[in-house]
């Protein structure tokens, strides 16, 4: 419904209150069922849910308000045709089913399906008379082929009429607000929210505070050719050395990819104006263009930084949105931490000098690294389910989109899918634990003076754990960024990644080195108190519980196992 041939239908909506029924053992769809079937993941922000009812009207061959399975099969076959958008529009206007459309039918359908605040269309315009004739008594009917050409040019005529309506003084300029009204009325469903928000800034393209007709026509042409813009941008970026292009790079690629000059200098200016609003350097990356090209920019492009993310989550989802994905964390955090802490103590006891109690720093790092590697068996499934639960928050404000539960995500992923990105998870967790446990041990020993005759207090344990979590979290952020990009469900407008090295190359080329540290401060703010509390509680439990899992006790376990080869001495 968002193709060029259906632009005129963007404001049409049919509503029905019929419910799904079963007649003589055969099930029928009502309008809601039908819309859910043809647009299961539509957010209904650019095209309202009721507006999809236009297609229901086309599919309802019997005009009974219900659609049988056979009706749906016929409609689905219609959608598969290359000119489906034009044929659907033709059937809507051809109310008598004669294969031709009269000027009166065209007027009635178009007039009856526009919003009350729309600019009235002038059916007495010269443009329409060229199609149907000037003589009132000799106006001819439009066959399918003629109608498709009229429909293709209708948006440009609407743009001309609406510009003339707002340019009451006839000076060839309108205000930025009126420009925004025109574009929203004819192409809202084709442009991103980011562009919609910044439409008035077109007046800053050149000197002045108003917008001329040439700029509006150029903008409309860019919108109509957005698929070609995307193709040329991707081609130009793939050929650039650093993943960034200038306006000249774009125009040169366009001239090579097309037989004739497809974009004027003014249209190129408009493309780079909206894509470069956040980057005035003139050299733009795929990240910059995504804000222009995709009507639904999501994922890593949605949030500029941690503060912006926090603000938008609160705004869109409320306070509970900050706790999305908490369920899987609660289920898996206990075994994950148990494995990490126990394995670290196990290997520290194994590598400790029995006489001096010292552990070479290499073996401290190795013990932590092994512990981090062992925990991935629990960490990776938790991470991928948590990420996909949290990413649903991007469309949380679109209440018509069903949200998946953790069980549904697990079912969709399958066993092997739960370990997608496991290599990147290892790349993050091994160095994290190696850095963390080593730093933690040395803060306790070298700063707080812990030894055989002195144990750190609660505050000292908390500080040691919190401080150790800071470098561990921040320095492993690049691996966490890569892991997240591999595990997130790729949506339209987002770059897909096939593995660690592919993700590294694409992120570096498209977003630069800084992208690898996105979310770094947020990781520090999360990991520092989390691990400070975890290690403090862990060490206190070691002291208070009858069975101690301290390094000394683990050392006894290790010695018993390695010296005797059985568990007899553990009784």
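The backbone N, Cα and C atoms fix where each Cβ goes, and this holds for glycine too.
These numbers come from a predicted model, not from an experiment.
Residues annotated as domain 'EF-hand' in TrEMBL: 81-116 (among others).
Note: the domain 'EF-hand' (154-189) comprises 27 helix, 2 strand, 7 coil (DSSP; helix = H, G, I, strand = E, B). Taken from TrEMBL, the feature domain 'EF-hand' applies to 154-189 (among others).
If you take every residue in the repeat 'Solcar' (263-350) and average the pLDDT, you get 76. Summarising the annotation, TrEMBL assigns repeat 'Solcar' to 263-350 (among others).
The annotation repeat 'Solcar' is assigned in TrEMBL to 359-446 (among others).
Residues annotated as repeat 'Solcar' in TrEMBL: 456-544 (among others). Residue counts for the repeat 'Solcar' (456-544) under DSSP, helix first, then strand, then coil, are 71 helix, 0 strand, 18 coil.
Across the repeat 'Solcar' (359-446), the DSSP tally of helix, strand and coil residues reads 71 helix, 0 strand, 17 coil.
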